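Heads up: the structure comes next, in structure tokens.
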């Protein structure tokens, strides 16, 4: 074989080697390009205006009950409100492209009728974060709208899949925590899941996420979103057995109040302006106690309409008491000194004014409560352990305290009115001729009514002070149940005060005797013969 053949053979071998190397390089390039097409994340998927989550591939570990944390997150095909650092596919080459290869998480967020989004401040108010460490906050009137992102998602072992279903949730108002941690949207992204729990995704660093069930979410006046998550869960406030016991006392008070209301509406001698006001006052308290006790005994949800009905009834009770105190003052300072004899039409007009005031006042307060999104349940059976519970009573405790204070002032003014008018009774014995005849019997009746009203006022003030002590006390001491017992027995106090006094007892016994069920003794007949008809 000559030299030319060898040269030809070497050329063929070199050409074959070149083609093989070119084929291998082409295969590697195609493989690399395909890998980049399936794993690369475009910058435009993380922009400042997007709000939906498509899916997330995340490594998950359980932290504490009802709290789940994930680390080493690889977010694929997701869009968030701000830029989130994306992990290179070279770092995690085995991560799947979606959640289909992941095991579904054992506990899933499920939307229920009771699912709520927890807002820190009432409607129309925003957070005011103050102090350097941002450890304290309060709610101020604000104009910024609160529109958090709500998603429906499925939790997998290392992945979150957005179902892209439009979801809406009602709001619960207030911070439910004894102590809390503060998150803000500078470092985290917040989403609310379909069951009302909060999904927190870390923008920077370890690319982790957390799900919290006990939290509240709101914005400050600059538009930044903040989340307060509970460090410790709220303890049970009052044992169920104690709640049932006090609720039973309320049910015992109810027939006493209904009896007072019925007798003052039925008996002609008791059916005057004072008696009708007392009747409606007792009826309002009986209605509130009945609904309140049934709700707690049977565990009926007290959010929404039922809570507002109870709030309206209890507030009406205090407003009617204020009307009764004002009626005593009106008699002492105007009707008795001026010898005013009220006609039936004037008494009807006077009662209508009382009714408008006693019902429109509570209705206005309930309307404000609804507007702010606060629960309407009164503070009975509650302890203000958290900010949300304390804030829920802003339209119950301050109004009732104000009404009782005004009633106390009216009773004091009425007392000085009695001191002033007592001179008329003494002067009547010495003066033979008077321009107008002073009604001594009416004076005695008003005086007895004033004594009963003042005694009831003392009981109401004492029971209300005990209620405030119970609400703001942070302990579960046994003496707190005694405070609630005094409140639960208010119907019994009303019965004893307004029906056991001698003149009313005599009138009731006479009414009973007319039906053949009682024999009136001589002293009672003598008292009746001296009383006006």
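Numbering starts at 1 and runs along the chain as it is shown here.
For all residues, glycine too, the Cβ spot is worked out from N, Cα and C.
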Per Swiss-Prot, the range holding region 'Disordered', considering 40-62, 63-85, 86-108: 86-108
Residues flagged as transmembrane segment in Swiss-Prot, choosing from 196-216, 217-237, 280-300: 280-300
Swiss-Prot annotation (transmembrane segment) - matching range among 375-395, 396-416: 396-416
Residue 473 vs residue 503, same side of the membrane according to Swiss-Prot: no
From 136-156, 157-177, 304-324, the residue range that Swiss-Prot assigns the feature transmembrane segment: 304-324
Cβ contacts under 8 Å made by the transmembrane segment (243-263) with residues that lie 6+ beyond its boundaries: 270, 278-280, 282-283, 285-286, 289-290, 292-294, 296-297, 380-381, 481, 484-485, 487-492, 494-495, 498-499, 508, 511
Result, the transmembrane segment (452-472) in contact with the transmembrane segment (304-324) (3+ CB pairs under 8 Å): yes
Secondary structure content, the topological domain 'Extracellular' (369-395) (per DSSP, counts of residues): 10 helix, 0 strand, 17 coil
Candidate ranges 280-300, 396-416, 481-501 - greatest C-beta contact count to the transmembrane segment (452-472) (under 8 angstroms): 481-501
Distant-in-sequence neighbours of the topological domain 'Extracellular' (369-395), which means Cβ under 8 A and at least six residues beyond its ends: 119, 122-125, 139, 171-178, 216, 234-235, 237-238, 243, 246, 288, 292, 296, 302-303, 307-312, 314, 467, 470-474, 476, 484, 487
